[in-house]
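Engineer: Quick one: structure below, then a few questions.
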Amino acid sequence: MSWKETYQSWIKRDDLEPSLKEELTELEGQDSKLEEAFYAPMEFGTAGMRGVMGPGINRMNIYTVRQATEGLANFMDELDDKTKQRGVAISFDSRYHSKEFAHEAAHVLGAHHIPSFVFDDMRPTPELSYTVRHLKTYAGIMITASHNPKQYNGYKIYGPDGGQMPPTESDKITDYIRKVTDIFDVPVAKEQVLRQNGLMTLIGENVDEAYLDEVKQITINPELIREYGADMKLIYTPLHGTGKVLGNRALQNAGFSDFTMVPEQATADPEFITTPFPNPEFAQTFDLAIKLGKKQKADLLVATDPDADRLGAAVRQPDGEYQLLTGNQMAALMLNYILTAREENGTLPANAVAVKSIVSSELATKIAEAHGTKMVNVLTGFKFIADQIQSYETTKAHTFMFGFEESYGYLIKPFVRDKDAIQGIVMLAEIAAYYRKQGKTLYDGIQDLFKTYGYYAEKTISKDFPGVDGKTQMANLMTKFREEQPAAFADQPVVALEDFEKQLTTYSDGTSEKIALPTSNVLKYQLKDGTWIAIRPSGTEPKIKFYIGTSADNNEAAQQKVADFEKAIDRFIVA
Ligand SMILES: O=P([O-])(O)O[C@H]1O[C@H](COP(=O)(O)O)[C@@H](O)[C@H](O)[C@H]1O
Ligand SMILES: [Mg+2]
């Protein structure tokens, strides 16, 4: 069907959900906008389905949510009855329609006699991952668009291990979803009936408590917190999202009692009024926290994105200004602390392992090696980290210590199988206390690591390619990098090109080697001086991401190198 035919099939329906109908009527005649909404069904990317809300098959709305859930339900119908009856855990964030979508999903599952366990109010993504394991459900659904702007929503699917479904499983579900061709004809059961029949159960405080009990296990050195953490001044902002439900309780439980939530941002607000891009990767998300921090002379500011799986932080400097830490720096601090502290208290296992994505800092690899810990690299997407953890559980070959990705995602303990910013806050606060004991800050801590392991610097650069044309432009740019094969960046010769789509590393001497990771549209250039540059289209937003990782003898030199490589990339793009 052409996009126009699909559009017609929507506009002519009398029973279309009224607000979608209204929006569709407003769009009449705006062909490029309509084409975008109707040209293709939503895809499952790095983190499930994510897109702008509104009418259309390429939009998040009750019909596409029903369709996705019908696919999952059809898939579960083929499981043995006992497995199917384990049901599905469902959570949602603070966005427009999130709660409604969560309930729609439950109604579709209910029509298949699949029980659902739905949170009574918004809850963090990591808690949903935990819930799948805790309640032993077969699957999980999280309604969220994470850190995207307010127009977006999304649908993450979790498997029985509590991890977001890896490609083999999610492709299977996608096949089932594609087979649901009439999205207006998905059966939905009535909530009241489901509630009476025990097919839809509301969950909340009990699961919160169980989760928070697990979070208590994050703390490595409670005494340190008592002595140097209790009176440390912290500011926390949940950026209008789910973190506010548990972040403060987690900090309190761990013994940090002197903290304030940024009041303007401690309200669940689908407008994200104070922070239209609620992504802790962006400095602007810290504006209000910094203001409050300066007033209170707070030692540490922490921010979680609306579904509380990403964590950002800023540290008070001696001059009273705040220094933001990058995702890679926070990860380095966490990994170093976990391995050092566990070595000291004699609990570092001989088969310790840490896992990171291929586009994250090599500083962490150095730290791991120095502590006799293996570092495993996986593709972008926390589901791949979860997959590793699951395999270690089966083979017992390794003991998981830490997992992270540069995009502000960390996991400390595997009772959750996704990045967990609530765990992250507690760990980072403990590390701040550790440095405080030495009269230092987290920023000093990262400088110490640089002194020991080299001055590492990284940068992620995103270039936006919105709309239908954007997809083609991104594909063309990836082809350009593949075909024109730059021989050097900023005078540093390329010594190897890792093409994760072809699953092949080609060295400058012409030899090649297979890459043992699933196929993915990513290119990674290794340069002579140890710098790496990676390129990939984002799986959650219409962007191409460029990643630069380098190191030098001092901070300035490392930053200068990053700037030079960024310019070199830009030059290659326009050439
Ligand atoms: O957006 P979140 O926080 O749900 O996070 C999701 O997207 C991130 C960015 O992916 P991409 O670079 O493909 O856009 C991934 O790193 C992450 O594992 C995934 O869960
Ligand atoms: Mg998120």
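Each Cβ is built from the backbone N, Cα and C atoms, and glycine gets one as well.
Straight out of TrEMBL:
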- 42-180: domain 'Alpha-D-phosphohexomutase alpha/beta/alpha' (DOMAIN)
- 210-314: domain 'Alpha-D-phosphohexomutase alpha/beta/alpha' (DOMAIN)
- 327-453: domain 'Alpha-D-phosphohexomutase alpha/beta/alpha' (DOMAIN)
- 506-561: domain 'Alpha-D-phosphohexomutase C-terminal' (DOMAIN)
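Help me see these features in their spatial surroundings.
Structural biologist: Taking H, G and I as helix, E and B as strand and the rest as coil, DSSP gives the domain 'Alpha-D-phosphohexomutase alpha/beta/alpha' (327-453) the counts 69 helix, 22 strand, 36 coil.
The predicted model assigns the domain 'Alpha-D-phosphohexomutase C-terminal' (506-561) a mean pLDDT of 96.
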Engineer: Using DSSP, how many residues of the domain 'Alpha-D-phosphohexomutase alpha/beta/alpha' (42-180) fall into helix, strand and coil, respectively?
Structural biologist: 57 helix, 32 strand, 50 coil
Engineer: Give me the DSSP three-state residue breakdown of the domain 'Alpha-D-phosphohexomutase alpha/beta/alpha' (210-314), ordered helix, strand, coil.
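Structural biologist: Per DSSP, the residues of the domain 'Alpha-D-phosphohexomutase alpha/beta/alpha' (210-314) fall into 46 helix, 17 strand, 42 coil.
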